[in-house]
Amino acid sequence: MSDQQLDCALDLMRRLPPQQIEKNLSDLIDLVPSLCEDLLSSVDQPLKIARDKVVGKDYLLCDYNRDGDSYRSPWSNKYDPPLEDGAMPSARLRKLEVEANNAFDQYRDLYFEGGVSSVYLWDLDHGFAGVILIKKAGDGSKKIKGCWDSIHVVEVQEKSSGRTAHYKLTSTVMLWLQTNKSGSGTMNLGGSLTRQMEKDETVSDCSPHIANIGRLVEDMENKIRSTLNEIYFGKTKDIVNGLRSLDAIPDNHKFKQLQRELSQVLTQRQVYIQPDN
């Protein structure tokens with residue numbers, strides 16, 4: 001029964017607005033407390049921003065940089081609140097983490113023109129894993145509010161030869177938009193999308209791990225953007241157009257009247273030219 005309850009709860013969460021995930025998740029846990037751990041580990045939540053007081057830069061919070069009640073900054077590698085024995089990446093991986101944060105900071109600035117990004121890496125037995133986080137919130141300056149949260153979890157299995165690696169990428173994007181205009185009123189639109197891909201890539205000085213991961217993330221985000229734009233927003237536009245005419249009502253009546261008159265004329269012509277039996 002618990003498996004069925006979990007499946008139903010996850011299916012429900014997928015259909016609810018992403019800007020209300022925390023409230024909806026809390027309500028579900030109150031209804032079924034036994035699902036608390038499974039829901040918290042399975043449902044992606046909107047990313048929160050914190051400030052690194054050491055270097056004066058923002059970073060994103062998630063389960064992957066949390067140890068107890070403290071969160072590790074990718075910039076200073078310090079926990080806040082301070083934690084003496086918090087989990088840390090190895091020296092080799094920390095160096096790679098610093099380079100990855102700098103690379104994706106440029107990627108975020110190029111594609112999103114703002115926002116916050118963070119990269120966290122951790123060691124595995126035969127390689128390493130990491131998460132790339134990007135958050136961009138709209139300021140409502142054009143009467144449009146919204147937020148984009150992308151969470152890319154990558155697992156890297158390094159082959160024994162050291163020349164190739166297997167990459168497994170799981171990406172989740174949460175997006176919501178709210179418009180408030182005098183002509184169209186208020187409209188809310190939101191949802192989340194998860195996609196996964198696996199690929200083998202060559203690892204060399206010309207194509208290091210960061211470049212390979214960067215290409216995978218870039219390709220995945222482009223595909224998700226395209227899916228959101230063409231399918232979700234396209235479908236919404238079709239539905240709205242079906243419910244609400246863009247033309248003025250008098251013009252619409254005139255057009256329909258013209259259609260009826262043309263139809264009558266064509267019908268009369270068909271009757272007129274029909275040969276006698």
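Any Cβ shown, glycine's included, is placed from N, Cα and C.
Around the Cβ of SER2 (N-acetylserine), 10 further Cβ atoms fall within 10 Å across all displayed protein chains. Look at Swiss-Prot and you will find SER2 tagged as N-acetylserine, backed by similarity to another entry.
Sequence annotations record features per position, and here Swiss-Prot assigns phosphoserine to SER2 (among others) based on similarity to another entry. For the recorded site, SER2 (N-acetylserine), the DSSP three-state label reads helix.
What Swiss-Prot lists as N6-acetyllysine is LYS235. DSSP assigns LYS235 (N6-acetyllysine) to a helix in the three-state reduction. Around LYS235 (N6-acetyllysine), taking its Cβ as the centre, 10 other Cβ atoms fall within 10 Å, counting all chains.
For the recorded site, SER263 (phosphoserine), the DSSP three-state label reads helix. Sequence annotations record features per position, and here Swiss-Prot assigns phosphoserine to SER263 (among others).
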How big is the gap, in Å, between the Cα of SER263 (phosphoserine) and that of SER2 (N-acetylserine), rounded to a whole number? 61
If you measure LYS235 (N6-acetyllysine) to SER2 (N-acetylserine) at Cα, how many Å is it? 35
Counting across all protein chains present, how many other Cβ atoms fall within 10 Å of the Cβ of SER263 (phosphoserine)? 10
